[in-house]
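**Q** Okay, here's the structure, questions in a sec.
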Amino acid sequence: MPGEQQAEEEEEEEMQEEMVLLVKGEEDEGEEKYEVVKLKIPMDNKEVPGEAPAPSADPARPHACPDCGRAFARRSTLAKHARTHTGERPFGCTECGRRFSQKSALTKHGRTHTGERPYECPECDKRFSAASNLRQHRRRHTGEKPYACAHCGRRFAQSSNYAQHLRVHTGEKPYACPDCGRAFGGSSCLARHRRTHTGERPYACADCGTRFAQSSALAKHRRVHTGEKPHRCAVCGRRFGHRSNLAEHARTHTGERPYPCAECGRRFRLSSHFIRHRRAHMRRRLYICAGCGRDFKLPPGATAATATERCPECEGS
């Protein structure tokens, strides 16, 4: 049927476009803010007029790109690839005017206006506007993680996450904050950071209305209302709402006291106890000079019982 054929052709183009979007680390559906342009492999077999491309050394891929040398089996594939070099965007949206380099990208973009979601997950009935989005979603059900890091072996379900992870090893941080210059390995990390400058808190609690800058902070807060305690102590089974609380509790079993006092050497299990203890030292050591009115500390070895009412400068004058 014509409709089914069109869907199949669109899905084939979707697979081609996915190769462009995913390698870049973001799915932007062919729009202008692409950061890294990768080549796609179209499925059609149409010839296009124009100057014959340079020959390729590979007989199976006789059409080579004169700009980057990549070879293709079909001239039509090369013609589409050439747009990654020329920047040509021949497909325009009649609704908003945005232009795209591939027809499949325009088709997907058009669904942002129509709300159409023709691709349904057979597992959970969730619907998607693009076949590539459905394929990525289905990995949540199957557990498939096809992208493996050659450096550490960690695997990823999405190539965008894989591309961002690689920057941990390479040290690349291409996203710089325009406010403070701090650089990040992923655009999402930059977006979260920028909220520290803008004060934006887009995540609101449905129960009490408290707003948060990070979705993770909202998720933790929600446990106050739900009573959820997902973090369990492996020793005694006690459960906690936050991982930090579990870490503090675990020290009751291990005896670890990671906070030492530089004044007296006493060690503490909790940072709050350590801070309170330090303040006690400060209160004992700060005095107001009766001569000049300045604060001063007791000299080494002195105690409150032997302290004078004057600082060392006034006492010696």
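Each residue, glycine too, has its Cβ placed from N, Cα and C.
Checked Swiss-Prot, it gives:
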| type | residues | note |
| --- | --- | --- |
| COMPBIAS | 1-17 | compositional bias 'Acidic residues' |
| REGION | 1-63 | region 'Disordered' |
| COMPBIAS | 33-49 | compositional bias 'Basic and acidic residues' |
| CROSSLNK | Lys33 | SUMO2 cross-link |
| ZN_FING | 63-85 | zinc finger |
| ZN_FING | 91-113 | zinc finger |
| ZN_FING | 119-141 | zinc finger |
| ZN_FING | 147-169 | zinc finger |
| ZN_FING | 175-197 | zinc finger |
| ZN_FING | 203-225 | zinc finger |
| ZN_FING | 231-253 | zinc finger |
| ZN_FING | 259-281 | zinc finger |
**Q** What are the helix, strand and coil residue counts for the zinc finger (91-113) according to DSSP?
**A** 11 helix, 4 strand, 8 coil
**Q** Looking only at the zinc finger (259-281), how are its residues distributed among DSSP helix, strand and coil?
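**A** Breakdown, helix to coil: 11 helix, 4 strand, 8 coil.
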**Q** According to DSSP, how is the zinc finger (119-141) divided among helix, strand and coil residues?
**A** 11 helix, 4 strand, 8 coil
**Q** The zinc finger (231-253): which same-chain residues, six or more beyond its ends, come within Cβ distance under 8 Å?
**A** 220, 223-224, 269-270
**Q** Across the zinc finger (147-169), what is the average pLDDT of the model, as a whole number?
**A** 92
**Q** With DSSP as the yardstick, break the zinc finger (175-197) down into helix, strand and coil residue counts.
**A** 11 helix, 4 strand, 8 coil
**Q** So how many of the residues in the zinc finger (203-225) end up helix, strand or coil by DSSP?
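**A** The zinc finger (203-225) comes out at 11 helix, 4 strand, 8 coil.
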